[in-house]
Amino acid sequence: MAPQQNGAEVDGIHTGKIYSVSGPVVVAEDMIGVAMYELVKVGHDQLVGEVIRINGDQATIQVYEETAGVMVGDPVLRTGKPLSVELGPGLLNNIYDGIQRPLEKIAEASNSIYIPRGIATPALDRKKKWEFTPTMKVGDHIAGGDVWGTVYENSFISVHKILLPPRARGTITRIAEKGEYTVEEKILEVEFDGKKTEYPMMQTWPVRVPRPAAEKHSANQPFLVGQRVLDALFPSVQGGTVAIPGAFGCGKTVISQSVSKFSNSDVIVYVGCGERGNEMAEVLKDFPELSIEVDGRKEPIMKRTTLIANTSNMPVAAREASIYTGITVAEYFRDQGMNVAMMADSSSRWAEALREISGRLGEMPADQGFPAYLGAKLASFYERAGKVQALGSPPREGSVSIVGAVSPPGGDFSDPVTSATLGIVQVFWGLDKKLAQRKHFPSINTSVSYSKYLTILDKWYEREYPDFPRLRDRIRQLLSDSEELDQVVQLVGKSALSDPDKITLDMATLIKEDFLQQNGYSDYDQFCPIWKTEWMMKLMMGFHDEAQKAIAQGQNWNKVREATQDLQAQLKSLKFEVPSEGQEKICKKYEAIQQQMLDKFASVIDE
């Protein structure tokens with residue numbers, strides 16, 4: 001027999017009462033019929049919360065806002081729906097908090113730099129009108145995921161496809177004409193089994209449920225980020241998963257910001273999860289100023305970006321939600337047939353939020369106090385990446401790439417979050433504290449980093465840049481040989497080495513200082529296109545090969561090195577060419593250097 005219901009009713013929905021409060025975790029009683037992960041409003045301020053455990057008529061709720069002032073006996077209002085995000089025109093060029101409340105709108109409404117408690121501002125602007133163009137007509141059959149109209153979003157993404165929710169279907173009985181409408185106006189009516197349903201341009205989707213796709217494809221296009229060391233040695237694919245673990249001050253945030261600024265994705269979702277507020281402020285300041293070229297005109301990068309800010313002083317529980325909010329927004333753009341990159345900075349703070357809530361729930365702690373289900377939670381997040389065939393027609397392919405920064409305490413890669421992440425992701429960009437202290441940025445440790453996508457991408461390289469895989473393998477071999485030689489030099493000194501080994505060491509130094517290092521704050525080096533990377537590899541390895549040939553023909557390396565000082569200076573200044581001058585002009589300069597190198601070595605060998 002069910003316990004007697006003694007709670008009040010508001011608008012026909014049963015309300016419970018608060019039984020206990022412990023930080024962000026609230027226990028409510030008299031909650032018969034509540035569902036797991038249902039959205040509830042807690043207390044008189046109607047704070048947003050989510051049910052995470054049910055025991056009899058008691059429900060445990062994690063509250064996404066500050067719970068100060070909430071008392072035992074306060075009402076808990078059920079909404080009857082899960083925590084969901086609004087998806088539609090207006091997501092781009094916007095900044096939200098972890099549960100998709102628009103921060104700019106809240107600032108305008110409250111005239112405060114703080115978010116008032118219990119504020120309920122819709123995520124998408126309800127007043128703004130969008131230019132809608134229908135792509136279907138009355139009488140057409142329509143199924144989940146079909147594109148039934150397009151909207152002009154902004155000058156960067158001119159076609160925002162309007163999709164039917166995945167579980168809907170039927171025959172169109174009414175569709176609006178071309179014109180301007182708001183996101184909540186019902187502009188489509190569909191009939192199925194005699195029942196008519198109306199749809200607006202926007203749709204809602206529960207954040208914990210992955211959006212369905214027709215089928216998953218294997219990824220085969222590279223995810224280029226404009227950092228030479230990453231594009232050349234450890235590339236990822238569109239739809240790949242990347243982890244960037246590193247101690248404090250190693251440059252994780254600079255790498256993830258440069259990935260979001262310069263990657264070849266169509267849309268960027270940047271989730272600042274439990275990191276410093278200054279970093280989000282920096283993104284907000286930098287992105288509108290930075291531009292990227294689209295069809296011959298410059299557009300600010302902010303127009304292709306959605307920011308989700310959940311800084312370290314915001315409520316802990318909302319950190320967990322922010323990651324899911326971000327990935328759901330990314331999946332929505334993926335379903336339109338776009339390549340989306342999602343940055344999560346940092347997943348360690350997310351895991352710490354899980355640990356805190358798990359501790360308050362009294363769950364059994366596992367390694368370092370993290371919950372036993374940490375690995376499963378991380379996997380369920382990273383597995384939402386990938387390249388898919390979207391639902392519905394017309395057929396379209398889209399992808400979600402996830403780049404997760406991990407901050408292990410003290411840079412210890414055996415930390416549970418790092419080790420769980422490395423078991424899931426396919427690309428590992430390991431940052432090294434020693435390199436960062438030497439001001440070698442990006443501080444990627446080439447001996448521990450890896451990418452499992454190299455063989456998948458070989459077909460693309462064969463088609464576009466045939467020499468690339470060979471040059472990449474040779475540079476990796478050269479770097480690993482130089483590490484072994486470094487140990488020999490420490491024991492017996494450089495003079496004891498043979499000439500070919502001296503060349504290897506000198507070339508490795510040149511590659512480390514002038515190829516792997518990159519100044520993210522300069523106009524010539526903040527972004528390096530793949531053709532420039534290939535030419536730099538070609539010229540540096542060309543110098544290495546010519547030098548080895550000269551030694552094989554009896555020359556002395558010291559003499560050869562002195563005779564080719566000017567060539568080495570040119571190799572060191574290859575990176576100073578500004579990509580915006582144009583590929584053709586810069587490639588001609590590089591070809592001239594290549595010819596000069598061949599002539600110089602020919603004259604050195606003849607001496």
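In case you wondered, yes, glycine gets a Cβ from its N, Cα and C as well.
Per Swiss-Prot, ATP binding site is recorded for Gly246, Ala247, Phe248, Gly249, Cys250, Gly251, Lys252, Thr253, and the stated evidence type is sequence analysis. Every protein chain shown contributes to the tally, and the Cβ of Gly251 (ATP binding site) ends up with 20 other Cβ atoms within 10 Å.
Packing around Gly246 (ATP binding site) is summarised by its Cβ count: 30 other Cβ atoms lie within 10 angstroms of its Cβ, all protein chains included. Highest Cβ count within 10 Å among the binding-site residues Gly249, Thr253: Thr253.
In the three-state DSSP scheme, Ala247 (ATP binding site) falls into the coil class.
In the three-state DSSP reading, Thr253 (ATP binding site) counts as helix.
Taking the Cβ of Phe248 (ATP binding site) as centre and 10 Å as the limit, one finds 12 other Cβ atoms among all the protein chains shown.
Annotation for Cys250 (ATP binding site): spatial neighbours Gly411, Leu431, Asp432, Lys433, Leu435, Ala436, Ser443, criterion Cβ-Cβ under 8 Å with sequence separation of six or more.
Cβ crowding, taken as the number of other Cβ atoms within 10 Å, peaks at Lys252 among the binding-site residues Ala247, Lys252.
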